[in-house]
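Written below as structure tokens is the structure these notes are about.
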Amino acid sequence: MTAPNRLALLTPAQTAAIDSAGDVLAWMENAGRMAARAILRHWTPRPVLVACGPGANGGDGYVVARHLERAGWPVRVAALSPPREGSPAAAMAARWRGPIALFLPEAAARAGLVVDAVFGAGLSRDIDDRVADLLAAAPALAAIDVPSGLDGATGLAKGRVRAADLTIALSWARPGHYLLPGRALCGTLEIVDIGIPPAALERLELDAWRNAPGLWTLPPLAPDTAAGGGDSHKYSRGAVGVIGAAEMTGAARLAAGAARRAGAGLVTIAAESGADLYRTGDPGLIVDASPLSAQVVDPRRLAWVCGPGLPPAQAGEALKLLLKAGRQVIADAGALAACAGRPKRLRGVRIVTPHVGEFAKVFGRSSTSPDWRGRPDEVRAAAKAIGAVVVLKGTDTVIAAPDGRIAINTDAPPVLATAGAGDVLSGITGALLARGIDDFDAACAAVWLHGHAAQLARHGRSGDGVIAEDIAPWLGTAWAEAHALARRKALG
Ligand SMILES: NC(=O)C1=CN([C@@H]2O[C@H](COP(=O)(O)OP(=O)(O)OC[C@H]3O[C@@H](n4cnc5c(N)ncnc54)[C@H](OP(=O)(O)O)[C@@H]3O)[C@@H](O)[C@H]2O)[C@@H](O)CC1
Ligand SMILES: [K+]
């Protein structure tokens with residue numbers, strides 16, 4: 001993976017590292033000017049209160065105030081406390097000669113728009129009532145960097161955080177802009193360029209990105225005959241095995257169908273029992289009723305999906321056989337249930353795809369409260385513990401590699417919260433692994449294709465009535481769009 005800088009997500013600590021060696025005054029001026037421009041695009045002229053904190057976020061606020069006033073808007077500034085003497089923020093505060101207001105909710109309520117420049121990357125504790133009350137009284141809110149109280153690293157709220165209508169991110173977004181509840185607290189997110197040279201990123205150890213085409217690249221979906229790929233055969237396009245359950249056959253069929261649409265040359269359902277049920281399904285699907293122990297040694301069937309629809313005991317047995325045979329395993333559903341509280345049993349698998357409840361059961365968290373989902377470090381730790389890529393599924397799916405890299409998916413539609421959608425994802429992942437794509441890239445690309453195909457299904461025919469079966473037929477289009485987007489961004 002050669003991750004492009006434009007997809008990088010910066011934590012507050014990384015921003016601080018950039019600032020310590022940079023021209024903060026110039027960047028602050030740019031940040032305030034660009035934020036003012038974004039505000040001018042989003043709102044018609046109205047009285048504005050700019051709420052400024054004591055740090056550089058407040059410094060940006062004084063610049064916004066100056067530019068909005070220059071644009072003819074009535075502007076007042078309310079300071080929580082004055083900036084530290086000699087700091088860049090103090091220099092910007094000194095250049096504000098306009099009206100001052102008390103830092104009180106009444107001042108916010110009288111304005112038509114409040115600019116939240118109280119805390120950004122320097123947030124160090126929960127915000128108190130004084131800040132929360134003022135921001136809560138705002139009729140509309142534009143936040144600089146993050147809404148005050150939102151932890152940019154985790155997406156968690158520190159105290160009572162007022163959701164913004166517009167959040168203006170500076171040069172790069174943060175994990176917290178995309179992780180829930182942060183994503184919901186940001187409103188519309190705009191990323192503005194404040195002139196930090198891309199070389200500044202080279203000094204950082206980047207480890208988080210937005211999941212989008214360009215982060216990974218896909219081979220062509222089908223062999224290109226014109227380019228001499230016409231002699232490729234079904235095994236060279238990747239062969240996928242899916243462990244079939246005797247009873248809940250739908251899940252394995254959904255996974256297998258998705259693997260086929262995602263470009264696998266050959267997909268087999270391993271069904272020691274229940275084979276007849278599978279044979280009544282799609283004609284292009286191979287059903288193998290021989291003992292699994294004999295199937296797993298077929299060297300051509302490298303990638304296996306283990307778990308969808310399986311009872312935990314069967315999944316656990318299958319997992320052991322697959323790992324012993326050195327297969328590339330995607331563990332989901334029943335295979336995760338078989339490893340509840342025993343994550344070490346997953347050592348040797350390539351990718352696991354738990355939802356929040358499964359993650360909690362496998363990795364032994366006592367609570368499934370939505371609160372902890374915003375903590376990428378927990379997903380990183382899980383990936384490290386089992387030496388495999390962990391895909392924590394949700395509306396803000398986090399994909400973590402054992403080496404600490406994470407990608408956050410940002411555009412999955414809510415319609416994906418439907419039975420069988422997870423089985424489809426495991427099938428797509430299997431197809432990409434079988435085609436020889438690196439584990440982390442395969443997981444990231446599968447998550448994106450899955451979400452994008454669901455979006456296409458939604459805009460195509462299904463509307464909000466998208467069901468799991470609707471997703472796979474759109475994978476070909478999603479694949480083509482991934483190529484087009486990666487190409488366009490690389491050029492642009
Ligand atoms: N490279 C970039 O992207 C650039 C970014 N820029 C901007 O810089 C911002 C980061 O600036 P920053 O480091 O000064 O932190 P900021 O959030 O203003 O606050 C720190 C102050 O608040 C205080 N404090 C914290 N929490 C508190 C609480 N709950 N309740 C009360 N007080 C609290 C804290 O006190 P302390 O923790 O020290 O006690 C300290 O005094 C960033 O968000 C962006 O807007 C541009 O200007 C330039 C280029
Ligand atoms: K802010």
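For all residues, glycine too, the Cβ spot is worked out from N, Cα and C.
Just so you know, TrEMBL annotations are computer predictions that nobody has curated.
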According to TrEMBL, which candidate in S20, S148, S171, S236 joins N57, D116 at the K(+) site: S148
Residue in G364, G404, G420, G422 which TrEMBL records at the AMP site where K393, G394, T395, D396, T397 also bind: G422
Any further residue of that chain within 8 Å (Cβ to the Cβ centroid of N57, D116, S148) of the recorded K(+) site: A51, G53, G58, G61, A117, V118, F119, G120, L135, A143, I144, D145, V146, P147
Close in space, distant in sequence - T395 (AMP binding site), Cβ under 8 Å, 6 or more apart: L180, A412, P414, L416, A417
Residue, out of the binding-site residues D116, D145, D396, whose Cβ gathers the largest set of other Cβ atoms within 10 Å: D116
Neighbour-count leader, CB within 10 A, binding-site residues: N57, S124: N57
Sequence-ordered binding-site residues from G59, S124, K393, G394, T397, G422 with Cβ under 6 Å of an atom of ligand 2: none
D116 (K(+) binding site) as reference: those binding-site residues from A56, G394, D396 with C-alpha within 10 Å of it: none
Stretch-averaged pLDDT - the domain 'YjeF N-terminal' (10-202): 97
Rounded distance in angstrom between the Cα atoms of D145 ((6S)-NADPHX binding site) and N57 (K(+) binding site): 8
